[in-house]
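To keep things clear, I will list the structure first and then write my remarks on it.
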Amino acid sequence: MIGDLLIQGGQMLVVLALAPLVTGVVRKLKARLYRKRGASVIQPYRDLARLFRKEAVVAEGASWLFRAAPYLIFAMTWVAAALVPTFASGLLFSWSADLIAITALLGSARFFLALAGMDVGTPFGGLGSSREMMISSLAEPAMIMLVFCLALVAGSTQLSTVAEVMLSGVGLRVSLALALIGLMIVAVAENARIPVDNPSTHLELTMVHEAMVLEYSGRHLALIELSAQLKLLLYISLIACVFAPWGIAPVGAGLAHMPLGIAAYLGKLAIGAVLLAVFEASLAKMRVFRVPDFLGAALMLGLLGTLLLFVSRGL
Amino acid sequence: MQSLSALLSAGTRRQGCRPWPRAILEAGDWSALAAHLAQGRFTLVSLWGDADAVHMALLDEATGEAGIATCLCPDRRFPSVGRIHPPAQRLERAVQDLYGLTPDHASDPRPWLDHGRWGITAPLGRAAPAAPAAPYAFLAAEGAALHQIPVGPVHAGIIEPGHFRFTCHGETVVRLEERLGYVHRGIEGLMGGASIEEAARLAGRISGDSAVAFALAFARAVEAARGIAAPARAIWLRALAAELERLANHFGDVGAICNDAAFALMLAHCGVLRERCLRACDIAFGHRLMMDVAIPGGVAMDLGPEGVSALRALVTTARAAFPELVRLYDETTSIQDRTVGTGIVKEALVRRFGAGGFVGRASGRAFDARRVQPYPPYNQMPFSIPVRTDGDVNARIWIRILEIEESLSLVTRLLDTLPAGPIQVPMEAGPGEGVALVEGFRGDVFAYVRLDGEGRVARAHLRDPSWFQWPLLEAAIEGNIVADFPLCNKSFNCSYAGHDL
């Protein structure tokens, strides 16, 4: 029990501590791919420290929602990130570490972010919120479909169980390959990366995520940035946990397993960051109205994967 | 059909304006010229004010004939050209703001450059204390499902200030209205009464990216006014500077347009080429943007052997690196998907507005000042002018790509044929009027200079090509989505500073 509590606590701290680093590494890699030197990988930590020190300027006419939203968003994203097994699967909250719960937590966080974007009444906030809602209305069904596909293979939507089933060997399955591609598409869209959104743009008219948070400053902005970084880490961890669960300390494993688990986890994060950076550097952003096609592909992959599983097992 | 010179001969010919004739017309003949403009017989080159008159420069593209019409305004009014020929509207609004000369029956009486922050009205005419300005009334677009997005003048990126008012239906732009004038520095006012040297320095600082083009236009106008010709070596060096400026800007633009579609890889690689180009310019001419290189009478400094080798090295590097970047652009489907078919400008509109540069040439208007009003050394040097008819963002990128290749070959040929000799002729004080039309990277820059007899500028007017490109941007974005505006805007890359003066 105490061991589980330690692991759970450690996991929560690890994701929080590593999230800015992953973003920093992705930025650094992208800069290197563009033949630039790039900022240090710890720059996101410095940015967060700077933002936390700064005064938060709140627009006139902003309601309580605008002030409360950053805390809500951060709390929900952090809890969601804490539910994904990273280096050990014996989490105290394991009973609740359900893929559907994670999807719901992220969905709620986004709901508040979109509301906050519209709260101040600037045109960019509304523009960003409407685009975000369009994207999420396509990404969430795709995500749920992919969850079903995984659940059919593993017999559970609990991530610890999924990871263990995967580790025990389910063989190569077409459905899993489809689910992996689908999940990557959803991850790109959910994290506002190229080609769906551009995290480093200065063009107000093209922004999605950035447009919603344009009015935020100081600690509010810091919390939102940290949430975005946590979300990126969450998706990389999720994909790693389901499709590459090697090295994760199994339930009931002693502390001796932990170093291996942590090393494996760091390795997976590094691979995820490299893949993301290369993917982003080689693409232009797509037109806003192409995004449905892109996410539609994820939905279809999820659906196909689920159907194939039914067909192969028989009803 | 009457030729332009026949129409101008209806008025009183003013002696001493070179190389284009200038005639003072009665109001009726002025309006007749405006009607010819509206019919598309002539192209409006510029329209500008003076103490008690307005001038209008016209060009007959079919024959290459050009001339200036002047309308005296004793009662401080003149017949509006913009009423029937929209390209003149903003120019007339600027004349009204700066000189207090009112176009009669103008279809758009709102101020343009004057935002009510000068404290006076008509600073170049009969200045008077200004009353508090009324709020600017943007054009209406009505409908239940429409909403407005105001953008600028302060933007999230570090770019020049301009205000864009979008009226949208969801993501689709129904109407875009621009509001410019935020970087008005009163350059034409500063030039009036300045010595020729001071005015030349000012001309080179109108728009930083077109430092050579503006300085060259001004220098050629002054030389025309005084009836002198710069020595051959100076002419070659100026052309070299102009082509290098074109190269640097086109490299930057090709990368920046792709970057606005989040394809930063192109920006990174093109940025390297642009930087190499600027450094070669620094070695060759002592200034990265080559400010104050072209001066009336010649050039300020000679090109040494070190400069020649730097420029030759630049051409070699660019020739080796650029084709690969073009392939990267052309073979990346995700960027092609964004640029092809986006922001189409119709050929009829380009012709009507007389839009030059890549905006005109991407939409089928094969206008290049180096060809239509040939000036040395381009009249002795064959070169091709790329033209496309699709008129979209992709076409504007391709015009730049082809012009880069053309300019690289021009730089080599200019270096190969660089004549020896002096680089300056002395400028003697004396009266005169001169005009020049010079092809900058953005399009044709027009300059009009009137000198008093004591080596000072009485009136100078420089017209940036953006005057006739900005209005087309409003047309290009119509029916496109809001998120594509930055891409369209960058493919036009109009000047704020050059336009606002």
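We number each residue from 1, going along the chain as drawn.
Glycine is no exception: its Cβ is also placed from the backbone N, Cα and C atoms.
In TrEMBL this protein carries:
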TRANSMEM  A:6-26  transmembrane segment
TRANSMEM  A:71-93  transmembrane segment
TRANSMEM  A:138-159  transmembrane segment
TRANSMEM  A:165-189  transmembrane segment
TRANSMEM  A:232-256  transmembrane segment
TRANSMEM  A:262-282  transmembrane segment
TRANSMEM  A:294-312  transmembrane segment
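When each of A:71-93, A:232-256, A:294-312 is checked for Cβ pairs under 8 Å to the transmembrane segment (A:165-189), A:294-312 comes out on top. Ranked by Cβ pairs under 8 Å to the transmembrane segment (A:232-256), the stretches A:71-93, A:138-159, A:294-312 are led by A:71-93.
The transmembrane segment (A:294-312) and the transmembrane segment (A:138-159) are in contact, since at least 3 Cβ pairs between them lie under 8 Å (pairs 6 or more apart in sequence). Residues 83-85, 89, 94-95, 97-100, 102-103, 107, 165-166, 170, 173, 175-176, 178-179, 182-183, 185-186, 189-190, 238, 241-242, 291-292, 295-296, 298-299, 301-303, 305-306, 309-310 of the same chain lie 6 or more positions beyond the ends of the transmembrane segment (A:138-159) yet place their CB under 8 Å from a CB of it.
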